[in-house]
Structure formats: structure tokens, C-alpha cells
Amino acid sequence: MTATLIDGKAFAAGLRERIAGHTAAMKERGITPGLAVVLVGEDPASQVYVRSKGKQTRETGMNSFEHRLPTDTPEAELLALIEQLNEDPSVNGILVQLPLPGHMDEAAVINAIRPEKDVDGFHILNVGRLATGQKSMVPCTPLGSLMLLRDHLGSLSGKSAVVIGRSNIVGKPMAQLLLRDSATVTIAHSRTQNLPDLCRGADILVAAVGRPHFVKGDWIKPGATVIDVGINRTDDGLVGDVDFAAASQVAGAITPVPGGVGPMTIACLLANTLTATARANGLPDPEGLTP
Ligand code: NAD
């Protein structure tokens with residue numbers, strides 16, 4: 001392997017330590033940040049995520065409120081809970097774990113969250129604010145990926161970036177953040193033609209596809225920085241969207257899976273909760289936690 005390993009696990013641990021420090025300082029002023037996580041149904045992956053979110057929230061010194069609702073909960077009941085959390089001053093962040101059961105309108109549920117408490121950054125107002133360069137809540141996985149890129153590269157200005165994937169959760173907000181840092185951004189997706197050639201021009205390559213080892217080693221520009229967002233469960237365990245063994249012979253730097261972007265996501269959720277708490281109390285944004 002010739003590429004530098006971008007150690008998201010270590011970076012996330014450092015980030016959580018800084019967040020814990022900020023939280024302790026807030027508590028001395030009588031403010032305890034609180035994050036409410038709502039899980040509807042029994043999806044096993046969601047249960048794992050919700051458990052680790054709660055654990056890490058408490059470890060950072062924040063209050064964690066967990067709400068579990070059965071799969072057949074009427075949407076109106078979920079909306080009523082969100083309204084109650086919107087009004088609760090001890091709750092600074094609200095996260096509704098996705099995916100929701102099929103009978104619910106995901107967009108309506110997300111848009112019921114008060115934008116200031118929308119720590120996932122999926123509310124239509126936060127999406128619009130990010131797109132227009134205003135202060136917003138920024139989706140956690142792209143925010144974590146941006147932090148790793150900046151830490152490794154410093155300035156992203158003028159760099160050619162290719163994002164593979166156009167989801168609202170990863171691809172689109174990732175592209176917005178790269179654009180905001182003055183990279184020249186291309187978004188690729190399932191209908192993109194000549195994807196390998198497109199990737200070969202990228203100084204920064206972000207893969208958010210959801211297909212194991214989709215990006216091959218010979219798609220990588222020598223020296224490029226590769227961020228692998230993919231989390232794919234296979235018989236060989238968790239693997240990313242990038243063929244790591246081949247790509248790491250060509251790239252300048254690359255995130256591993258696991259241990260790359262994954263741990264950054266929850267750390268950034270805590271960062272967003274802290275930022276939301278600061279804003280709710282008229283305090284400046286804690287340094288280094290927002291783009
Ligand atoms: P998604 O399924 O919503 O989007 C996948 C995107 O890939 C789509 O926009 C699609 O156009 C594109 N795509 C599919 N096939 C393609 C092809 N052949 N060529 C080019 N593009 C193609 O997925 P998502 O929610 O954006 O997640 C993507 C991956 O990131 C998944 O593996 C997911 O598990 C992972 N993920 C990780 C984290 C984390 O914390 N690290 C968070 C969210 C998602």
C-alpha cells in the first residue's frame with residue numbers, strides 16, 4: 001500500500017473529546033445539550049445505530065432521550081411526538097431514524113422537525129440554506145467526510161472533485177459542501193456514462209453508491225484523495241464501495257472501511273447537537289464543528 005490511510009476512527013475520537021470539553025463548559029453555565037432519537041419499528045440495523053447514538057451521546061456528557069414506537073404507529077402519533085419534542089426546551093436536537101415504515105411520508109415527518117433542532121440536516125429549510133450558503137444544520141456523513149478532506153488536504157479550492165451518488169443523505173449535500181469549499185464538482189450517478197474516465201480526472205473522489213468494491217483501482221488518479229462512504233455487509237464482513245486493496249496502490253490517501261467515514265457520522269451528529277444547543281442559547285458556534 002502506498003496511500004496514506006485517513007484514520008476516521010482516530011479523528012472521530014478526537015472530535016468527540018473536543019465535543020465533551022465544550023459540553024462540560026456549557027454545563028458549567030447550566031446548559032446541558034439534549035438529543036432525542038426516535039425509532040419507529042424493529043429494523044435491526046436501525047436498532048444498532050440508535051443504540052450507539054444513545055451511548056455516545058451520554059459518553060459526551062449530553063442528555064440522550066430515546067423514543068421507540070411500534071411499526072404500526074399512525075403517522076399522526078409520530079407527528080404529535082415530534083411537536084412535543086419541538087416544544088421541549090431540554091431537547092436541542094431531534095433525529096428520526098430512517099427508513100420509516102412504508103405507511104409514513106418521510107418528507108412530511110422530517111419537515112415537521114423544527115429546523116433549528118434538525119440535527120440530521122434533512123429538513124427542506126436546512127437543505128435550502130446549505131445550497132444558498134447560509135448558516136444551517138449540515139448532514140452528518142458529508143460533514144464528517146468534509147472534515148477528513150480538509151484535515152488531509154487543507155484547502156480544497158480549485159480541486160477537481162467527483163461524487164458518485166446523488167442521494168439526499170450523502171451525495172447531494174457532499175457536493176454542496178465541496179462546492180462551498182470552491183472545488184470543481186461533478187455528481188455522478190447510475191446513468192452517468194464513462195464513469196471510470198470521469199473518476200480518473202478527480203483529485204478528490206467520494207464514493208457513496210452502496211455497492212461493494214464498485215470503484216476499481218484503475219479508476220483512481222495517481223495521488224488522489226479517496227473518501228469511501230459505502231458500508232456494505234458481505235460474506236467477508238463490512239466493505240466499502242471502493243476496491244481498497246487496488247485503490248490504495250494508486251491513491252495519495254484513502255479512508256478504510258470500517259474505520260473511515262463511519263465513525264465520523266455519529267461524531268458529527270453530536271457536533272450538530274452541540275451547535276444547535278449553542279445557537280438556542282445565543283452562544284457563538286463552537287469552533288471547528290461547522291463547515
Ligand atoms: P442510495 O442508495 O440512496 O444512493 C446510491 C446512489 O448511487 C444513487 O444516487 C445512485 O444514482 C448511485 N448509483 C447506483 N448505481 C450506480 C452506478 N452503477 N454507477 C454510478 N452511480 C450509481 O445510498 P446512500 O444513502 O447515498 O448511501 C450510499 C452508501 O453509503 C451506502 O453503502 C450506505 O450504506 C453508505 N452510507 C454510509 C454512511 C456512513 O455513516 N458512513 C451514512 C449513509 C450512507
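A Cβ is built for glycine as well, from the same backbone N, Cα and C atoms used for every other residue.
Record features, source TrEMBL:
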| type | residues | note |
| --- | --- | --- |
| BINDING | Gly165, Arg166, Ser167, Ile231 | NADP(+) binding site |
| DOMAIN | 6-120 | domain 'Tetrahydrofolate dehydrogenase/cyclohydrolase catalytic' |
| DOMAIN | 139-279 | domain 'Tetrahydrofolate dehydrogenase/cyclohydrolase NAD(P)-binding' |
Pick from Arg166, Ile231: which of these binding-site residues has the biggest number of other Cβ atoms within 10 Å of its Cβ?
Ile231
Please count the residues of the domain 'Tetrahydrofolate dehydrogenase/cyclohydrolase NAD(P)-binding' (139-279) that DSSP assigns to helix (H, G, I), strand (E, B) and coil.
55 helix, 28 strand, 58 coil
Around Gly165 (NADP(+) binding site), how many other C-beta atoms are within 10 angstroms of its C-beta?
23
If the NADP(+) binders are Gly165, Arg166, Ser167, Ile231 per the record, what's the largest distance between their Cα atoms, in Å?
16
Helix, strand, coil residue numbers for the domain 'Tetrahydrofolate dehydrogenase/cyclohydrolase catalytic' (6-120) per DSSP?
60 helix, 19 strand, 36 coil
Neighbouring C-beta atoms (10 Å sphere around the C-beta of Ser167 (NADP(+) binding site)):
16
